[in-house]
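To start, the structure itself, in structure tokens.
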Amino acid sequence: MILEVPFRKVHGSRNDFLLIDEEHLPAPPDRETKKRWAITLCDRKKGIGADGILFLSPSGQADGAMRIYNADGTEASMCGNGLRCAGRYFIEKTGKDTIFVETKKAVLEVKRWEDGPDVPLFQVEISPVRFDPESLPMNTDKREIINEKLEDLSRELLFTALSVPNPHLIAIVSKEMMLSGEQERISAFVNGKNPYFPDGVNVSFVYPIREGEIFVKTYERGVGFTNACGTAMSAASLVAATNGYAKRNSPVTVYNNGGFVRTVISEDGDKIFLIGNGTYEYDGVFRWQEDAGLAGWAITRRYPEEEAAYARIERKAREKIREIFGVDKV
């Protein structure tokens, strides 16, 4: 038996996903099927290609539910860029301007924002924010890790560990460190067998441009380096504010290799609001055979105007990156 599954290719800051509405399926896929789909479909050489899959379904406590599976088949606690895309879908489906989405660990608010030049923008809530090591989890005797050296990782960098609720390890770095291979080395270490993070961790390097402006590059657990990571950019904004590079209750512009977003940190730091695009690339259908896997896929509709509009944002971000680092992509 061959199952035909409709999907939509979407992205937030070029962090791209396949969006699957489970209401369009004969029955909701189980965890093992979701894992198989993620591993197969996200493969950029043999599948459709994406950083992950957003599985959307009805919710008894919100306007809809979202679960995110990474390209390696693992389930993430949350995804800020994915939530903007899922939030847009639910906003258009319900006809509301503000909705609530049930994620793995919290029910979060999504609002339609003032659109940019032909680019649909959305504000999503990123919470809960926690610094206790158990929330990541992280093996340490300390109550929290804020601007601390971790000798096994680096002799010079200071790290902050927090969950939002995805686990993040963040370091503020120099321009030279950002362009080095140090982030890849550290990321490989903490996402393999290591003494600190039994489940791995997302690793971000943050370069402060000026007050209220930062550049963030992230290695996502289960994916690798991505153009952007919504929860990482949110967590990085909070770390930047903690170190005096941004202010709470004021917009922070966060540049990344896929564009830029804005964040606002609440006064007490328990919530972060992430504002950015939720762009549709194309609709499609894939054919799945239980014993053989992917049996083909096709595009049924494209959204060229949205892609062209977002490309202008991307060019602006690339100009900023070139101005700072002397390269188009870090």
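Backbone N, Cα and C define each Cβ position, glycine as well.
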Co-listed substrate-binding residue [TrEMBL; alongside N15, N70, G80, N81, N202, E220, R221, G230, T231] among N147, N166, N257, N277: N166
Among C79, C229, which are active-site residues, the residue with the most C-beta atoms within 10 angstroms of its C-beta: C229
Additional residues surrounding substrate, by Cβ distance to the N15, N70, G80, N81, N166, N202, E220, R221, G230, T231 centre under 8 Å: A76, M78, C79, G82, T218, V223, T226, C229, A232
Nonlocal residues around N15 (substrate binding site), in sequence order (Cβ under 8 Å, 6 or more apart): D51, C79, N81, G82, T226, N227, A228, C229, G230, G258
In three-state DSSP terms, the structure that N15 (substrate binding site) belongs to: strand
Surrounding CB atoms that lie within 10 Å of the CB of G80 (substrate binding site), all protein chains: 28
Mapped DSSP class for C229 (active site, proton acceptor), helix or strand or coil: coil
Long-range Cβ environment of N166 (substrate binding site), under 8 Å and at least 6 residues apart: A76, S77, M78, C79, N202, R221, T231, A232
